[in-house]
Amino acid sequence: MAASSMKMKKSSSFTKSSTQFLLSAPNNKTAKFELVDYDSLPEFLKHNEFIVSYYRSEWPLKQTILSIFSVHNETLNIWTHLIGFFIFLMLTGFASSVFPTASNAYPLLQLNSTNTFYIDRAQRALIEPSASSSSQLVGSVIPRWPFYLYLAGAMFCLLMSSACHLLSCHCHRTSYIMLRLDFAGISGLIVSSFYPLVYYTFTCNPFFRDLYLASITFFGLATVIVSLTPVFDSPQFRPVRAVLFACMAASGVVPIAHKMMAFGHRPEAVLTTGYEAVMGMFYVVGVVVYVARVPERWLPGKFDLAGHSHQLFHVLVVAGAYTQYLGSLVYLGWREVEGC
């Protein structure tokens, strides 16, 4: 397919004429940066042959950064996770203002609840604690750091993903670095998402709490190290990478099963497990869409700018992360009321 004639000039205004996007610089100097098709890309930028055009290729760093405000096939990849980052930043600020003490932890739970049977039961359990439970809270506030660690992990993942999609077209070295930071962000999100689950579920059983936290942290760090180490890029280490990701996921599933065996009679346990199931569904569907590369596989070139698999994957990741945030609120409220 012939190279696209899409061109860009440095600018503060955006106009479209025929097949060119033109930007005019204040000093009236012009520099052209073409958007090219898939066949014109260097090998390090070739990831999805079903996205056939609107590629940035080896642009100068300044123009690469400024392209966050222009139209190309990575625009929505950048903004879906950048907007997600700001959503979680706002959620962090909101939580810190509503959750500073045990006495006012519950409005945040009420704002994020729906009228299902188990949510109603969970809220009654949280808002109407027994006298003995209330006495355990006097002078004590349950630690918030697992909750905020999860929010930090989510924000790091979303920010690294957005930066990766923005900057990877600059050069091969930049692409190499950003892809590994992106992988590190994914690992960070997976690991941190299990911290509220493990810490608050087993806060009264330090042995299992520390065992599960150590396991998920170990496999998460190992995955990050493997992702950042060039020697593990070779095909013979692909099974190692696969096993590490599988172990990282399993180290999160085991505590959920343990939780249901130990606390399955509690509405909070059922509710949080429901949130975790929905979170997992979002992530699994996202991965399937990402791997299958649909819908662009069915109509190559028709989803270059909007609607392709990676954009859908990003939206599902944000949805999954937000679902886990809601579950984390229930965990925190549960332990705020009952302690041990």
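Cβ atoms are placed via backbone N, Cα and C, with glycine included.
Pulled from TrEMBL, these are the features on record:
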TRANSMEM  78-99  transmembrane segment
TRANSMEM  147-167  transmembrane segment
BINDING   H165, H310, H314  Zn(2+) binding site
TRANSMEM  179-199  transmembrane segment
TRANSMEM  211-232  transmembrane segment
TRANSMEM  239-257  transmembrane segment
TRANSMEM  269-292  transmembrane segment
TRANSMEM  312-334  transmembrane segment
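Same-chain neighbours of the transmembrane segment (211-232): 180, 183-184, 187-188, 190-191, 194-195, 198-199, 202, 240-241, 244-245, 247-248, 251-252, 254-255, 258, counting only residues six or more beyond its ends whose CB sits under 8 Å from a CB of the stretch.
Sequence-distant contacts of the transmembrane segment (179-199), counting only residues of its own chain at least 6 positions beyond either end whose CB sits under 8 Å from a CB of the stretch, comprise 143, 146-147, 149-150, 152-154, 156-161, 163-164, 168, 209, 212-213, 216-217, 219-220, 223-224, 227-228, 248-249, 251-252, 255-256, 259, 272, 276, 279, 317, 321, 324, 327-328, 331-332. For the recorded Zn(2+) site, residues H165, H310, H314 set the reference point as the centre of their Cβ atoms, and the other residues of that chain within 8 Å of it by Cβ are E74, L76, N77, I78, T80, H81, S161, Q311, F313. Taking the binding-site residues H310, H314 in turn and counting surrounding C-beta atoms within 10 angstroms, the largest count is reached at H314. In terms of C-beta pairs under 8 Å, the stretch of 78-99, 239-257, 312-334 lying closest in packing to the transmembrane segment (269-292) is 312-334. Outside the transmembrane segment (312-334), and at least 6 residues removed from its termini, the chain residues within Cβ reach (under 8 Å) are 76-77, 80-81, 83-84, 87-88, 91, 95, 99, 105-106, 108-109, 112, 122, 125-126, 142, 144, 147, 150-151, 154, 157-158, 161, 189, 193, 196-197, 200-201, 268, 271-272, 275-276, 278-283, 285-287, 289-290.
Long-range contacts of the transmembrane segment (78-99) within the same chain, counting only residues at least 6 positions beyond its ends with a Cβ under 8 Å from a Cβ of the stretch, are 68, 105, 107-108, 144, 147-148, 151-152, 154-155, 158-159, 161-162, 165-166, 311, 314-315, 317-318, 321-322, 325, 329, 332.
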